[in-house]
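Q: Features from TrEMBL:
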TRANSMEM  35-54  transmembrane segment
TRANSMEM  66-87  transmembrane segment
TRANSMEM  99-120  transmembrane segment
TRANSMEM  126-144  transmembrane segment
TRANSMEM  156-174  transmembrane segment
TRANSMEM  186-205  transmembrane segment
TRANSMEM  225-244  transmembrane segment
TRANSMEM  256-277  transmembrane segment
TRANSMEM  284-303  transmembrane segment
TRANSMEM  309-330  transmembrane segment
TRANSMEM  342-366  transmembrane segment
TRANSMEM  372-392  transmembrane segment
Amino acid sequence: MRARGRFDASSRFRIRANDKESIVNYEIKGIRKIALLYTGAVVWTPTYLLPFNIEESMARFGLSESTAGWLASAVLLCLALSIIIFGRHMATLNKRTGALAAAALAVLSTCAMFSHNFYVFVAAKLVLGAALGVSCVCAYGVIAHVKHPEKVAAQVAVAMAIIFSCAMYVVPIVNVKIGNIGVDAVQLAVVVAALFFGAFMHPAVNASEENVAKDAIKSSDVRGILLSAFFIYVSQTALMGFAAEVAATRGVEAEQLGILFMVNAAFQLPVGVAVNWLGDRFGLFKPIAFGLALLIACSLGMYCVGGRWAFLVATALVSAGATLIAPYMVGALSQMDTSGRSTATCASAINLGLAVGPAIAGMVFTVAGLRAVGWLSVGLLVVPIFLTSVAIRQFKSRHSEAVIA
């Protein structure tokens, strides 16, 4: 019986490996490639426009900073839950139909945000989060079916940097002309473009992978990567959430900090291009470990090491570290779960981290001060080094056993 159980396990992993070999034959080029990159990028609209959304909520409806922050967290939570719910149907979901429906719902909900009724505004925000969760499932479900998914994930990061650098530049200009609803106008333009590109998405329906998705999401290696993503982005929000307070102690003025944030976002472009060129030449774990080491150095430089220049350099490089890590996590999950469900769930873990990170960091700051926030970030980043190392080694070991069998 033991020998038979061992054979069954090997067969299951061999089937998964064979599925992957057939999936990498998918060629995503031209307008379909642009559609995939845009759909993958638009998922992060609430994250990038977060400061403007909070400002709008406070100005239009008189919310406190705390209440506006909780509303923003609720949007991210809806996005994360939507990914979990619709990710269960990843294999059978037509990604083109899903992307179109999600974009249409995003357009309608954004239009509703122009309402002066507070309850309509809140409901529209939550619906937008749910709609973008479906977009995430569709985008990352396709990414898992291409050769070198880490390269495509890096290209999505480049698309994000371009789209939202432009959006963050335009929002203040539009706000001056039409008031705080300017962020909604810019967001409407972003999701209308997503509706256009959704028509060109690859369908990527793979009903035969439904059982693969169910098995993979339960495996310890996949869960290790997902937990790592959660910890990393709790750390990210902790770092950036109190950057203004640290800047004040380092002699950095508000205008200089704004420029520093723009430099931070701009660093995503060269890092994304570098990852696209590098691919998997150094495997998956080494780039992740290097990125985590960079983020640990940034945590220490921002919060724990005194000095203006340490703060400036560390803050500028935070996004570079995250942009280096994320594509290789996507690549690892795409190998572990060929259906793409785990890859999309990674985005859910990231959004959960973004949603709860400010609350966790706020409690630590209240109890122990700014330096403790830095050490919290370091601790949160050390754990993923261990988790990703074990997860990738476990998968490689089982995969090699399956091939031998």
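Positions of Cβ are set from backbone N, Cα and C atoms, glycine also.
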Q: If we call contact 3 or more Cβ pairs under 8 Å (sequence gap 6 or more), are the transmembrane segment (35-54) and the transmembrane segment (309-330) touching?
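A: The transmembrane segment (309-330) and the transmembrane segment (35-54): touching, no.
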Q: Most CB pairs under 8 Å with the transmembrane segment (156-174): which of 99-120, 225-244, 256-277, 284-303, 309-330?
A: 256-277
Q: Counting only CB pairs under 8 A, let me know which of 99-120, 186-205, 256-277, 284-303, 342-366 has the most with the transmembrane segment (372-392).
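A: Looking only at 99-120, 186-205, 256-277, 284-303, 342-366, the most contacts with the transmembrane segment (372-392) come from 284-303.
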Q: Relative to the transmembrane segment (342-366), which of 66-87, 99-120, 225-244, 284-303, 309-330 accounts for the most Cβ pairs at distances under 8 Å?
A: 225-244
